[in-house]
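For reference, the structure is listed below as structure tokens.
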Amino acid sequence: MLEKMNNISTQPLDDSVPVCKKRKCDNECNEAEKDGDSSSAVVPFSFAFSDFKLVKVLREDARGKLVTLHGTVGDKDAVVVLERKAFDIPVLEECLQQTTVKETLQNDVYSTFDVYSSGSIAHMKATLIHPATEKHISKYSDREPFIVRETPELYRSVVLPSIQENKFSFQWVYNILEKKTESERIVAEDPDPEVGFVMVPDMKWNRENVESLYLIAIVHRRGIRSIRDLRQEHLPLLENILNKGLAAIEEKFSVKADKLRIYFHYQPSYYHLHVHFTHVKFEAPGTDALRAHLLEDVIDNIKMNSEFYNLKTLSYIVREHDALYYAFQDKKYFV
């Protein structure tokens with residue numbers, strides 16, 4: 001990306017100043033000239049990236065597609081913030097016709113590609129779900145959020161029946177566990193049917209930048225849907241994922257435990273137990289208080305009371321048109 005900086009067209013700085021600020025600058029310059037003090041006048045200058053000498057990368061935000069650079073222009077320090085522009089929706093379809101793709105992953109209905117365009121959209125990563133069901137389309141649509149406080153009774157009477165009735169296919173999960181796909185991407189594995197798991201990179205991570213590290217540990221044991229099902233008997237499984245997952249990540253990526261966020265989602269996106277491992281610098285989706293439950297906290301809670309997650313009221317977001325939204329709506333939960 002830095003090699004392409006010189007190709008970015010720029011305008012003189014004074015043309016990019018918001019109108020209100022520009023007027024203020026003009027007024028201050030005029031006042032300074034009237035007072036005979038030209039040292040405080042604002043002097044416009046032209047800028048080109050060919051004048052920018054990179055010192056170091058200050059910050060890279062993989063999720064926000066933003067990078068902050070420290071450099072110099074002439075003999076003065078400068079900071080440059082580069083970010084991907086929003087898609088130009090009116091010309092998006094035309095631009096997509098000018099792209100070439102390279103497949104990077106294929107598992108059941110899910111595929112990922114590197115996308116290269118000769119049009120106005122930059123090099124992208126694309127995820128394809130094909131064939132997509134109505135559930136997929138709903139999941140990826142922009143929908144109104146609502147906060148639910150799920151009591152144990154609501155879980156048994158509303159949520160569990162909805163989960164059992166509206167299940168995504170787990171075939172892509174079983175493909176990973178059985179090494180039918182993605183076997184070359186496995187980071188860590190314990191084949192034990194009771195406490196074992198397979199750890200693979202999440203599709204959100206390109207494996208190029210460890211500060212955006214995102215791995216998923218998927219358990220071999222079937223029938224554990226979420227943290228609601230976890231009891232004391234599952235502690236060996238949870239501790240095994242924690243200890244072996246941390247060891248594998250430090251060995252392969254040189255990332256220590258104090259740089260990792262390790263958590264469950266509730267509600268999860270699919271109901272086969274899995275644990276998320278993300279770098280603490282990566283603002284991963286679903287790490288907010290209404291969805292993430294830290295693995296070590298879950299372990300501690302179960303040690304205090306084996307029935308903790310059977311008895312706990314859990315808050316989370318459901319979105320309009322979700323199956324769960326309709327299930328709660330049928331029970332007159334939303335007023």
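Cβ from N, Cα, C; glycine included.
Look at TrEMBL and you will find His274 tagged as active site, nucleophile. The Cβ of His274 (active site, nucleophile) lies under 8 Å from the Cβ of Ile216, Ala217, Ile218, Val219, Phe264, Pro268, each on the same chain and at least six residues away in sequence.
The Cβ of His265 (substrate binding site) lies under 8 Å from the Cβ of His276, Gly286, Arg291, Ala292, His293, each on the same chain and at least six residues away in sequence. Under DSSP, His265 (substrate binding site) is assigned to a strand (E or B) in the three-state scheme. Per TrEMBL, the feature substrate binding site maps to Trp172, Glu182, Asp202, Lys204, 265-276.
In sequence order, Ile218, Val219, Arg221, Ile224, Arg225, Ser226, Asp229, Leu230, Phe264 are the residues near Leu273 (substrate binding site), counting only same-chain partners six or more apart with C-beta under 8 A. All protein chains included, Gln267 (substrate binding site) registers 22 other Cβ atoms within 10 Å of its own Cβ.
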